[in-house]
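For reference, the structure is listed below as C-alpha cells.
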Amino acid sequence: FFRFIAKPCAINLGIQDSGPHRAQPNAILEKVFTSITKSPDGKRLEGLSKQLDWDVRKIQRWFRHRRNQDKPTTLTKFCESMWRFTFYLSIFFYGIRFLWTAPWFWDTRQCWYSYPFQPLTSRLYYYYILELAFYWSLMFSQFTDIKRKDFLIMFVHHLATIGLITFSYMNNMVRVGTLVLCLHDASDFLLEAAKLANYAKYQRLCDAFFMLFGVVFIVTRLGIYPFWILNTTLFESWELIGPYPSWWLFNGLLVTLQILHIIWSYLIIRIAYKALVRGKVSKDDRSDVESSSEEEDVTSNSTKGVFSTSSNGSNRINGHVASGQWTEE
C-alpha cells in the first residue's frame, strides 16, 4: 500500500521525502547520545562544553537536532495516515452497510433476545476479525512510533478495545459489539483526512476536516455512546437476561472507554478553542516532538491553523491533537 498507492499520491501532492536538519557529525556527542543519554542534564552539558570548547547552547541545539534526526519524514507520516484513513473509511462503510439491515441497529433490545443462542454470520465474523487484527497492529506499532504524552492512555485504550472485541466474541455478544465498533469508526477517518490535508499543506481543508471530526467525535462518544450503547449494556441487558457472570467485566471495559472519550474530548475542545479564539495553535498538547533550534521554537509558536507545521516537518494533529499524531482509537 505504501509503495504503490500512498507514496505516489504523496509525491503528486508535492510532499518530499526529506527529513529534519541533520546534526553536525561529532564522535564525542554521538557516543553520549547513543550510549548514555539523549537529553543530558546541566552538569553533563557543562562537562561537554569544556571538553569540546563549545557553548552550552550550541550543545543543546546539537542534541535537539540529533533527536529530531530520528523522527519519520513527512512522506512517511503521510503514508501511515493514508493507510489508516483507507482502513477506517472502508471498515466504517462496511459496518454501516452490514448493520443497516440488522434489526439490532434500530432496536438495541434485539441485542439480547435469544442470547446467547444467536447465529454468527460470515459477514459479522469477518467484520470482527478485521477490526481485531487492525487494533493488534496498532498495539504493536505504538512501541515503534514516536513516543507521545498520551502513550499510556493509548495503551490502555488498545488493551480495552482488544479485550472488548475478544471478550464479546467469546461470549457471543457480537451484536452489541458491532454497534460499538461502527460507532468508533465514524470519526476516525475524518481525523486521518485532516492529517493528510495538513501534510499536503491544504490548511483550510485541514481545519475544516478537524472541526468536522471534533463535532462527530463529541456527538458519537459523549452523546450516542453513553445513551445508546451503555444504556443497552447496563440496563436493557440486565432487564432482559439478568446479571450474567461477565456483566461486570464487560461493562467495566465499556466504561473505561467512556472515560477515555471524555479525556480526548477535552483535548479536542481545547485545541478547537485555541484555533477559534486565538486563531492559532502552537503545538500538540500530547506530542513530544521538538523543534530543532530555539529559533524554530519561536517560529512554531506563531504558526496559524488548527494543524501547525513546524520547520522540521514533524507537527501533526492520534490516536487517539494539533501537531502530533492522534492515535486512533
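Cβ atoms are placed via backbone N, Cα and C, with glycine included.
Lifted from TrEMBL, the feature list:
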{"type": "DOMAIN", "residues": "29-73", "note": "domain 'Homeobox'"}
{"type": "DNA_BIND", "residues": "31-74", "note": "DNA-binding region"}
{"type": "DOMAIN", "residues": "76-277", "note": "domain 'TLC'"}
{"type": "REGION", "residues": "285-329", "note": "region 'Disordered'"}
{"type": "COMPBIAS", "residues": "303-317", "note": "compositional bias 'Polar residues'"}
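Assigned with DSSP, the residues of the DNA-binding region (31-74) fall into helix, strand and coil as follows: 31 helix, 0 strand, 13 coil. In the predicted model, the domain 'Homeobox' (29-73) shows an average pLDDT of 80.
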